[in-house]
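Undergrad: According to TrEMBL, the record shows the following:
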ACT_SITE  GLU97  active site, nucleophile
ACT_SITE  GLU101  active site, proton donor
DOMAIN    23-211  domain 'GH16'
CARBOHYD  ASN105  N-linked glycosylation site
SIGNAL    1-22  signal peptide
Amino acid sequence: MTRMSCLLGLSLCFLFVGLVASSKFEELFQPGWAMDHFVHEGDLLKLKLDNYSGAGFQSKSKYMFGKVTVHLKLVEGDSAGTVTAFYMSSEGPNHNEFDFEFLGNTTGEPYSVQTNVYVNGVGNREQRLNLWFDPSKDFHTYSIFWNQRQVVFLVDETPIRVHTNLEHKGIPFPKDQAMGVYSSIWNADDWATQGGRVKTDWTHAPFIATYKDFEINACEVAVPVTSTENAKKCASSEDKKYWWDEPMLNELTIHQSHQLIWVRANHMVYDYCADTARFPAIPLECVRHHH
């Protein structure tokens, strides 16, 4: 798809090449496993978890830079032990990955969301926060925005985490591997709820995560193509301008920065940067990295 579009009322227009924008599941995604645990009800897609299996799906294409969004209603009631994940990932042992993991809980306890960033196969960058609403009562949007300067995790367009490009400090940044988009539900009662102390109660199965309105506004790339070619194709140049390279998207706006400060102050319950027992030496990106 190629079209001209003006961004945010600016006089400068941007040429979109290879941009994908859709809301239909079957146009963007395909089941990854346990097709018998998929239920289509009109515009809704439901993934089921029972004591036989969970389920998952993946994008048909790979992408470099842009924004992916899912509208998701999480498992209702006693969801302890369950995990619903929405993430982007490349392939191979040195893969990059951006994770949302929604950790179920006993009825009445807050739902937690854990985020993680893998760069060149290395993760261990977990942050966890309690959501400020009940995500099982209605649909909410969960988004990952990615360009060459930052990765931003958003909940209902509120940033909850930023992973900044600090290559100038010698810290690798994920910008050279095309990534697929994935979501799944599975049983993780060995760790998901209160450190594994609360197990999945299968009398409440099936556990159901409900999706609608999938959005991918990103640079679609051919696979296999060298990472250099993909990065070049999806980066702005004199001939083509991409919306994710707009200078205003190189960092959060002042309003977004204030939102992130509010989230961290009021809802964050774990940050690997502050875990001195696990990391006696502060990870290098944490020193001046305002996630």
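Every residue gets a Cβ built from N, Cα and C, even glycine.
Keep in mind it's a predicted model, so treat the numbers as computed, not measured.
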Undergrad: Relative to the Cβ of ASN105 (N-linked glycosylation site), which residues of the same chain, six or more apart in sequence, are found under 8 Å away?
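TA: Listed in sequence order, they are SER79, ALA80, TYR111, SER112, THR193, GLN194, VAL198.
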Undergrad: Give me the non-local Cβ neighbours of the residue listed as 'active site, proton donor': same chain, 6+ apart in sequence, Cβ-Cβ under 8 Å, ordered along the sequence.
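TA: The answer is VAL83, THR84, ALA85, TYR87, VAL113, GLN114, THR115, ASN116.
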Undergrad: Would you mind checking how many other C-beta atoms are within 10 angstroms of the C-beta on the residue listed as 'active site, nucleophile'?
TA: 18
Undergrad: Mean pLDDT for the domain 'GH16' (23-211), rounded to an integer?
TA: 92
